[in-house]
Structure formats: structure tokens, C-alpha cells
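What TrEMBL records for this protein:
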DOMAIN    118-249  domain 'Fatty acid hydroxylase'
DOMAIN    335-421  domain 'Alkylglycerol monooxygenase C-terminal'
């Protein structure tokens, strides 16, 4: 997926079907890695469309939107942050895989065989199950994965709340496939497995009948996102729920699920969403006596402590009553509208940056990434109503002006000039 010009076209039908893994081997088999389409980026418009559809259906059924604007923007901000490293280098999940394939493969299965395609489907899904399970059972891995669970809502935007750290451990669980599966086939299924998991993040779909026996469904995944005691460390599946049934981690949905971390973080600031548990590990590591205990802080479960089982004690998980109220922003409606406008603009700028990355210099790319991060941080500060929010937003506007005048944001200056004037007016009034 390195050269966009070499990638195959993806039809509208395929862009829709890929999100449900309804694809045929004959239309998704490629000889080289460069030919594999970037299915995830091509599906982006459908992410937005399905989120809007969920919003309408949820409003009709319950008389209210399926989640708050503040939580949705935080989830999408995390998704943006998680993708920014791709502007500079290929994902480690692909880089490591290609290295193993080129140097250590045992056999080369045919890239155009349906049997290879289906074997890879099972192999990637099996690898994902074990990665996902370890991401809950190993504290240092949980430091990355907890980002995805930090939302106290459960809707399609939650699927986009991804960690920037997670891929630095997930590749390990897929690497055995590189001994015999061609990288191009692996790259296809790595994307399909991720895309399938988008639509299961919803409360709009209840039960899917017999499909619940085989597939990971919204009902099964709601349990996985719960902080009820019966939900903890259950239903790790990506596409097939059979792995949970085989390895004893399956739990059916019964009582009302309360979503989020067992100890909510109560913030919309992207750095805390991404890295707060790393800080917690660091603090606990130095406060825990003994070398082996310190080692256990890193490699045992998030709930472990001296004298406890590897995964901690379920009795220490706070009980939920089902009446918990999710953390929400106290910002005014006017400020929320302003934040929404700024997020929409930075989302368009993010998409433009990816589209133009081949012609942008490394300096321009770095400055653009810094500006994106600064904007998302400022949005988090505004939603959190931090004391320094107005100062940070003023700084952001000044940085925007400076980058435009230096030519690094020149391509989008005309489209954002009106917004800049509005920002300056807003900042003056803060």
C-alpha cells in the first residue's frame, strides 16, 4: 500500500461490502503489496454516513442521539491521532511482516488461491483474538488498548477511538503468518478485520439470531465494552465469536451494560485519553517494592497487586447500578458549535494532508501534524473547560496564521480564510 498510483480501484459496492467482510477472494487478491487498496481510507465517507444514519435511527427510536457530541469528537480525535504516524512511515504491522516474509518464510502459498484467502481470514482473526486478549491481560499492552475503552458511550464513533500505541505490540501476534502467507493477502485481511469491527459498535442493532453463534455482533461487543463485573475480560473476538466460545471467554449480554473504564478518566483531552495509563504504570512501578513485583506491574494484569492473582480480584471491580451518568462537557452550546466547526475544518485538513503527502516536504508534513495535534488538544481543553483553554486557542490561531504565511498551509488558506476571521473574532471575545 505504498504507491497510490499502483493501487486497484475500489467500487462503491466494494466500499460498502468491505465493512461487513462480504468480499470474494477473486476481487480482493493481489500479487504485490503495492497493489492492495487502502480500504480503510476509502471507507472513511461511509464511516460518516453510517454515524449520521445511526444518529437519525437513535433519535427516532429513543428521542435522543446515541451519545454526546463531546464524546464523539474525542473518539474521532483519537482516531486521527492514531493514524498520523502513517504520514511518515508504513505501519509496523506491515513492515515487520514483510521483513519476516523476505527473510524467514518456510513456504510461499499462492497469492491468488481462494484457499490462501480463507486461511488468511482465519489466521488474522485468530491472531487478533490473542492480541486483543493479551491487551486486556498484560498491563503495558493495556496502556495502549485502554484508549478504545475510555468512552462512556457506545456508538459508531466509539469504533474510531483508537490508540497510537497499540500497533507496536499487535504485530507480534500476526507475525507467524509471515512464514507462509504472502504480504499482499495479509494486508487485505488486516484491513477487513478492522473494518468489520466498525459497525458492531452500536446499540441500534439488538440481536442477530443464529448469526450470534458464529459472528461477533453488536450484542457480543457491547458486553466487551462494559464495566459491569460480568463483562470484564469477555468477548475478545474480531470477526468470529467462535474463538471466545472455544477458549472460555464468551459471555452473553443479559443485564444492562454500563460502558467505559472501571475508573473513568473524565476528560476529553487527547493526550490524557492516549497516555494516562502509562503515567499510572510509571507511578505504580516506582511505588511497588521488589524487582519481581515491579516486573509484575508491567507484565501482569491491570488489576494486579502484590499478593493478588495475575489478573487481579474481580471483587475489586467497582459495582455498577445501571444509573451511572456519563461524563459530559460543561461548555456552552455556542462554544460546542465553535468546537464542532473547528473539528470539521481540521478533519478536512487531515484528509487533505494524507491526499497530498506525496508532494509535501517532510518539514511541511511535520508542521501539519503538529498543528493537527495542537488543534485537537485545544478542542479537548475547550470541552474540559480548562483554565488555560483560551490561551491555548489563542496560540493555535497565531500558529495557524504563521504557518499560512510561511506557506506550509497555503493550499488550504483560501478555504479557511473565513474560518480564520471567525477564530480571531472569537478569541478576541474570550
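Cβ from N, Cα, C; glycine included.
Fair warning: this is a prediction, and the values are worked out from it, not measured in the lab.
The domain 'Fatty acid hydroxylase' (118-249) scores a mean pLDDT of 98 in the predicted structure. Remark: secondary structure over the domain 'Alkylglycerol monooxygenase C-terminal' (335-421) totals 74 helix, 0 strand, 13 coil, with classes taken from DSSP. Counting residues per DSSP class in helix, strand and coil order gives 87 helix, 3 strand, 42 coil for the domain 'Fatty acid hydroxylase' (118-249).
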